[in-house]
Amino acid sequence: MNQTFDFQDEYDIIVVGAGHSGCEAALATARLGCHTLLLTLNLDKIAWQPCNPAVGGPAKSQLTHEVDALGGEIGKMADRTYLQKRILNSSRGPAVWALRAQTDKREYATIMRNIVENQENLRVRESMVTDLVLGDNEEIIGVETYFGVAFKCKAVILTTGTFLGGVIWVGNKSMPAGRAGEFSAIGLSETLNKLGFETGRLKTGTPARVDKRSVDYTDLEAQPGDEKVRWFTFDPEVWVEREQMCCYLTRTTPETHKLIRDNLHLSPVYGGWVDAKGPRYCPSIEDKIVRFADKHSHQIFIEPEGRDIPELYIQGFSTGLPEKLQLQMLQSLPGLENCLMLRPAYAVEYDYLPATQCYPTLMTKKIEGLFCAGQINGTTGYEEAAAQGLVAGINAVKFVKNEEMIIFPREQSYIGTLIDDLCTKDLREPYRMLTSRSEYRLILRSDNADQRLTPLGREIGLIDDRRWELFESKQANINSEKSRLNSTRIKELDEVAINIVADTHTKIKGSITLADLLRRPGFHYVDLEKYNLGNLDLKLVEKEGAEIDIKYSGYLQRQQNQIDQISRQKNRRLPTNLDYLSISTLSLEAREKLSKVQPLTIGQASRIGGVNPADINALLVYLEVQYRQFQLTSANV
């Protein structure tokens, strides 16, 4: 708030919170030349994975690839510390392929701490921020900590995770904490409220951890990693294969369900002590039993937390029920009849700022120089947090240098889709990225994230010469191979063509290009290699890149045409001083929603909940009338 302060140190940018969002933000700002301070409540928990120690999965893997393509860190971290890797949805098309890595949580945190502590231009310090220092024009000029130390800066990025007003619950017992064993951040929520920000409460939770030595694996279904290891990062320097560990699958039983149903009144939510919304797509086991009452069993995955850690993560079994009941629930699962519980499950509720209070740059609308990223914006997940942290970091640097900030269009990346959803939709539950949230998922694949975003990363300054040369070489090889496949023909009487017809039971009339062979259902690049028609000099990712571009070329072009058509109108900018409440042709709900969100473009306005196509049409007509009146007035002057 506005006071006179004796600042201890001065920085360009201060990042509050050193989770996955804060680390990406701080590394980006420091690497782009800004003197940065990263403040955290606990130096030993930098980039900690308090819930599932895993990176990736549907839509989340695309986010991770995109962060890496721009020059971020989370993809490299997952590749450096993986315990197991699997491709999910491999039987379906490439638009929904998803790489998932189980990671070593202690190793992950140790390596990330080492990276941030040794990054040029970045200083890391343990402290709790309780206040924002504003200048005469209500702009950010610094922060103040709980113990009264003030630091001067030009921009602040809040990446506070679940720590703002955090309270953890086990049954009807609660304590102030951002997560188990760590106190919550106090004071900052009150500061934000005084500044006019709306805050709300959200809830999440984490399952119990059990001792791996107490589990009977005899009848559990093994879930091994993939033989062929895939990578999140596009940087081959990080591609070092490691020994993989096995995960296991068990299921809930009628006994499990009865225990939960009989004791629902003891859970924080069903008991009425917590009314904050939890994540729809990562429900507690109580929610599953209630919402899917007709299901007699639910899958439960048993996953290692590290190579040298005895703890197992019981995925799909998060709960807020009392601790003594939790052990009975665990021991009702096959294989866990004699398990030892090392840490109880708990629910955590915390403050967040609905992200409609941010521009798509992630700078807040009320305070210049204040950015928000991660769970404070209402998201859930390390990958969503990392993506926002990177964007906030990039734009904080742009702000400090007085350069135009970057907005990521939703049709160019999952990052853009994520931020556009956050800034335009009135979300009241934790937001998780899903492939279904993108209208353009055929184009927004993991394999082409570098093609879509690395040129931007280079322009921003986060992609160095070595990475850029690797990128250019890969793209040149893919384009060259596509040309070869489109121009190389085999004739129906050639020996290789006769063999292909015999094996595939599909005729070749006259001749056919290798590209058209690839377009056939069930025919892949590995089949070309089987008939010595492939290019032995190419890397796997280059072969796959060429195959996907050719096999799906028709669909890709159709989607690109849709994007081009929409973008012609949707990028039309809206006046920042537009009084939506006075536009009588808009529905009342649209007036209220548009006035609250203050969208920057027609496209953004069209995606706000409660704004329908008729409202957009009315808005376009209104703008056209205003424009003509302006021209008429100007002509008469």
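Cβ atoms here come from the backbone N, Cα and C positions, even for glycine.
For Gly17, Ala18, Gly19, His20, Ser21, Gly22, the entry in Swiss-Prot reads FAD binding site. The NAD(+) binding site annotation in Swiss-Prot covers 278-292, and the record cites sequence analysis as its basis.
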Task: Look at each of the binding-site residues, Gly17, Gly19, Gly22, Gly278, and point out the one with the fewest other Cβ atoms around it within 10 Å.
output: Gly278
- prompt: Non-local Cβ contacts of Lys288 (NAD(+) binding site) (under 8 Å, 6 or more apart, same chain)?
  reply: Lys295, His298, Gly316
- request: Take the C-alpha atoms of His20 (FAD binding site) and Phe292 (NAD(+) binding site) and report the distance between them in angstrom, rounded.
  value: 33
Task: Would you please pick out, from the binding-site residues His20, Arg280, the one with the fewest other Cβ atoms within 10 Å of its Cβ?
output: Arg280
Statement: By Cα geometry, the one of the binding-site residues (Gly17, Ala18, Ser21, Gly22) nearest Val290 (NAD(+) binding site) is Ser21
- request: Sort Gly22 (FAD binding site) into helix, strand or coil using the DSSP assignment.
  value: helix
Query: Which residues, in sequence order, are found in the same chain with Cβ within 8 Å of the centroid defined by the Cβ atoms of Gly17, Ala18, Gly19, His20, Ser21, Gly22 at the FAD site, excluding those residues themselves?
result: Val15, Cys23, Glu24, Ala25, Thr40, Ala47, Thr159, Gly161, Gly374, Ala385, Gly389
- prompt: Quick one, of the binding-site residues Ala18, Cys282, Val290, which Cβ has the fewest other Cβ within 10 Å?
  reply: Val290
- request: Inside 10 Å of the Cβ of Phe292 (NAD(+) binding site), count up the other Cβ atoms and send me the figure.
  value: 11
Query: Counting other Cβ atoms within 10 Å of each Cβ, which of the binding-site residues Ser21, Ser284 scores lowest?
result: Ser284
Cα-nearest neighbour of Gly19 (FAD binding site) within the listed binding-site residues, Arg280, Cys282, Ser284, Glu286, Phe292: Cys282
